[in-house]
Structure formats: structure tokens, C-alpha cells
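Data block below; observations after.
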Amino acid sequence: MDGDRVEIDGGIMEGGGQILRVSTALSCLLGLPLRVRRIRAGRSQPGLRPQHLSGLEMIRDLCDGKLNGGEIGSTEITFTPGKIKGGTHIADTKTAGSVCLLMQVAMPCVLFAASPSELHLKGGTNAEMAPQIDYTVMVFKPIIEKFNFTFSCDIKRRGYYPQGGGEVVVQMSPVKELSPINLTERGTVTKIYGRAFVAGALPIKLAKDMSAAAVRCIRREIRDLYINIQPVREPDDKAVGTGSGIIIVAETSTGCLLAGSSLGKRGKNADKVGIEAAEMLLQNLKHGGTVDDSLQDQLIIFMALAKGVSRVKSGPITLHTQTAIHFAEQLTKAKFTVTKSEEEDPGNDTYIIECQGMGMTNSNL
């Protein structure tokens with residue numbers, strides 16, 4: 001079998017865990033045996049971390065596959081997929097590793113399962129270097145469902161760095177195929193809303209300070225819109241540990257959602273957290289694209305699997321997105337083109353990401 005394995009170099013381009021997520025999900029979907037070398041070679045601590053390993057183990061279990069080299073610190077794995085099945089699957093990072101990244105690797109696979117799936121994902125819900133669960137629910141979910149599927153995401157418990165302990169349950173039914181998306185009209189911003197949260201030992205005043213600082217920052221650029229950023233204290237029975245953060249979403253007249261977010265940490269002033277999220281949102285609004293930097297790369301695998309041509313207008317293409325496109329093209333028959341958007345004011349750095357999807361169909365249905 002080894003002669004037929006697809007070889008993936010995990011150290012090129014973005015050089016992180018995303019290469020592993022995209023390539024193992026596509027391997028599982030397409031039934032392609034895989035070898036990934038130089039895993040996370042671009043990171044300060046190369047090799048598999050707990051969250052990457054729990055994601056791999058979940059994919060293995062989803063499709064009765066075989067995984068070799070699956071241990072913490074391993075820089076090479078081989079993976080041989082079987083048939084994707086539905087049912088209940090549990091992935092537990094046992095750390096503050098992001099549940100959202102676990103969801104990223106599993107979701108494309110269970111869409112093409114034989115029966116509905118329930119994923120119990122355990123770890124950090126609001127972690128650095130990953131989308132926060134609030135982003136997943138408020139931005140990722142409504143946009144990704146435009147590919148013509150739905151899922152539910154129930155936040156049972158929130159978990160923060162360093163101990164994690166959060167749990168999210170995702171339920172979804174399989175589809176026959178994915179429809180392409182066309183997100184090229186940004187429209188005008190119609191409302192801005194969000195939540196600033198504290199949990200554990202932190203007072204609600206911090207959430208109010210984050211919210212107020214974010215509103216002041218946005219007001220300097222956008223004067224006439226009502227901005228509603230709710231300060232919340234997470235209930236003690238729904239949160240493990242102490243954490244804080246903020247997410248702010250801008251919604252447009254055409255249904256686009258763009259966001260900015262930030263997490264609090266010890267010694268970081270609450271105003272600074274709020275301002276960071278506000279500046280990220282304003283930056284994402286400035287380029288005139290229909291998706292923000294965090295969503296850009298998460299759309300790629302779905303565009304590759306969809307039947308037909310998808311088009312998305314975005315700001316500057318991130319390295320994560322370039323990496324996702326590279327591996328999606330290597331493993332599927334999808335074809336991507338990225339062109340500078342012409343109709344914009346020349347000062348705008350806007351691009352059209354177009355993909356002729358491979359038209360994956362679910363043979364189980």
C-alpha cells in the first residue's frame with residue numbers, strides 16, 4: 001500500500017497544525033492513504049501537540065482508519081482511512097487545546113457519513129491562536145451553512161487556558177452534496193454587536209470595561225450605528241477556570257458577517273483587550289471583502305468539496321488560506337484561482353477567491 005500513499009510535507013508554507021487538519025480530513029473523505037512528514041516544522045515546538053493528536057484520533061475513529069505515529073511530539077504519521085460512519089464521537093484534548101480546531105477537522109468528514117453524527121469536543125473553548133467558540137457560533141456557522149447544510153452547536157461548558165475543561169456538542173446530518181457559495185457583494189454595515197465575557201474569579205466590571213473601550217474605538221471610525229456589546233459573566237456551573245475576552249461582529253446589508261476578537265490574560269488591561277478586538281474588526285472592514293481573516297481559510301475545504309463554482313471576495317490572502325488552497329488542490333481535483341478585485345477603489349486590497357469544486361457526492365446516501 002505504501003507505494004500509493006500521498007506524501008504531505010507538513011513543514012512548508014504555514015508549517016503548522018492546519019496542514020494536518022486539511023490533509024487528514026481530505027484523506028478521510030477521499031479514501032486516500034496519507035503520510036505526513038515534518039509535522040508542524042514551522043512551530044517553536046514541532047510535532048503533534050495534544051489537540052492535534054486528539055483530532056487525528058477522532059478522524060481515525062470516524063472512519064475506522066489506521067493511524068501510525070500518533071503520539072505527542074511525533075513529526076511523522078501515516079493514516080489509512082476506512083468508511084466514514086455517523087454516530088457519537090468524543091475528542092478530548094485534556095488541555096486547553098481548541099475545541100474549534102477539533103470541529104474544523106471533523107466537520108467536513110461527518111457531512112459525508114452514512115448517518116447523523118454527534119461530536120463531543122472537549123478542551124478550550126476560548127483559546128489563543130484559534131477561533132473562539134463564540135466566533136464559531138456567531139460568524140462561522142451562519143456563513144458555512146450557505147454551502148447547504150446545517151448543524152447545531154451546544155456549549156455545555158466553557159474552558160479556558162491553562163486547564164481547558166470546556167465541552168461543546170455538535171450535531172449534524174449528512175448531505176448528498178455541498179452547494180457552491182457566492183460571497184462577492186459586501187453591502188453596507190447595518191449593525192455591530194458582540195459579547196464581552198468574564199468567568200471564574202473575574203468581576204463583571206472587566207467585561208463592562210472591555211465593552212466600553214471597544215465601543216469608543218469603533219465610534220471614532222463609525223459614528224452613526226448603534227453598537228451593542230453585551231457584558232456577561234459566565235455562570236459558574238457553565239465555565240471551568242478563569243477567563244475573559246470579547247468578540248464583536250459587524251453584519252452587512254447582504255448578510256456578510258465580519259468579526260474582531262481578543263482574549264484577556266493576566267496583566268493585560270481590560271481596555272486593551274477591547275481595543276484590540278475593535279481594531280481587528282475595523283481592519284477586517286477596511287478592505288471591502290465579504291469575509292474576515294479568520295473565516296477566509298476555513299471556507300477553502302468546503303469550496304473544494306462543493307459542486308460548482310464558488311466565489312468569495314476577501315481582503316489580503318493570508319498564509320493560512322494559501323496553505324489550505326495548496327493542499328486542497330494537491331489532494332482533490334478542485335481548482336482555485338485568486339485574482340485582484342478590479343472594481344474596488346485602487347487603494348483597497350481586495351481579492352476574489354474562485355474555486356471550481358470537485359463535486360464530492362455522498363455514496364452512503
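Quick reminder: no glycine exception, Cβ is built from N, Cα and C everywhere.
TrEMBL entries are annotated by machine, without manual review.
Owing to the predicted nature of the structure, the values given are computational and were not obtained by experimental measurement.
The domain 'RNA 3'-terminal phosphate cyclase' annotation in TrEMBL covers 13-338. According to TrEMBL, the ATP binding site annotation covers Q104. Look at TrEMBL and you will find 184-286 tagged as domain 'RNA 3'-terminal phosphate cyclase insert'. Taken from TrEMBL, the feature active site, tele-AMP-histidine intermediate covers H320.
With DSSP classes pooled into helix, strand and coil, the tally for the domain 'RNA 3'-terminal phosphate cyclase insert' (184-286) is 36 helix, 37 strand, 30 coil.
Confidence in the domain 'RNA 3'-terminal phosphate cyclase insert' (184-286), given as mean pLDDT, stands at 97.
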